[in-house]
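Noted in Swiss-Prot for the protein shown:
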type	residues	note
BINDING	Cys8, Cys11, Cys14, Cys47	[4Fe-4S] cluster 1 binding site
BINDING	Cys18, Cys37, Cys40, Cys43	[4Fe-4S] cluster 2 binding site
DOMAIN	2-27	domain '4Fe-4S ferredoxin-type 1'
DOMAIN	28-55	domain '4Fe-4S ferredoxin-type 2'
Amino acid sequence: AYKIEETCISCGACAAECPVNAIEQGDTIFVVNADTCIDCGNCANVCPVGAPVAE
């Protein structure tokens, strides 16, 4: 599953690209639901700051 690092700027690009809706706005940054994530990498591909990383 992917994890979103603290470099996240909360732009929402990742959530819009997630085919299984595994990403949502957290308290300060976006968060990935690891149980739902299918490791497709779409979030990492569209993130302008490279915050999503594979775990």
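Note that the numbers count up from 1, one per residue, in the order the chain is shown.
Glycine too: its Cβ is placed from the backbone N, Cα and C atoms.
Remember, predicted model here, so these are calculated numbers, not experimental data.
Distribution of Swiss-Prot features across the structure.
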residue : record                          : Cβ within 10 Å
Cys8    : [4Fe-4S] cluster 1 binding site : 18
Cys11   : [4Fe-4S] cluster 1 binding site : 14
Cys14   : [4Fe-4S] cluster 1 binding site : 24
Cys18   : [4Fe-4S] cluster 2 binding site : 22
Cys37   : [4Fe-4S] cluster 2 binding site : 19
Cys40   : [4Fe-4S] cluster 2 binding site : 14
Cys43   : [4Fe-4S] cluster 2 binding site : 23
Cys47   : [4Fe-4S] cluster 1 binding site : 22
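For the domain '4Fe-4S ferredoxin-type 1' (2-27), DSSP puts the residue distribution at 5 helix, 6 strand, 15 coil. Cα of Cys8 ([4Fe-4S] cluster 1 binding site) to Cα of Cys37 ([4Fe-4S] cluster 2 binding site): a distance of 18 Å. Between the CA atoms of Cys14 ([4Fe-4S] cluster 1 binding site) and Cys43 ([4Fe-4S] cluster 2 binding site) there is a gap of 4 Å, rounded to the nearest whole number.
The secondary structure of Cys40 ([4Fe-4S] cluster 2 binding site), as reduced to three states from DSSP, is coil rather than helix or strand.
Across the fold, the C-alpha of Cys37 ([4Fe-4S] cluster 2 binding site) and the C-alpha of Cys11 ([4Fe-4S] cluster 1 binding site) stand 19 Å from each other. Cα to Cα, Cys47 ([4Fe-4S] cluster 1 binding site) and Cys18 ([4Fe-4S] cluster 2 binding site) are separated by 12 Å.
What surrounds the [4Fe-4S] cluster 2 site, by Cβ distance within 8 Å of the Cβ centroid and not counting Cys18, Cys37, Cys40, Cys43, is the set Tyr2, Cys14, Glu17, Pro19, Val20, Ala22, Ile23, Val32, Ile38, Asp39, Gly41, Asn42, Pro52 from the same chain. Summarising model confidence by region, the domain '4Fe-4S ferredoxin-type 2' (28-55) averages a pLDDT of 99. On a Cα basis, Cys11 ([4Fe-4S] cluster 1 binding site) lies 14 Å away from Cys18 ([4Fe-4S] cluster 2 binding site).
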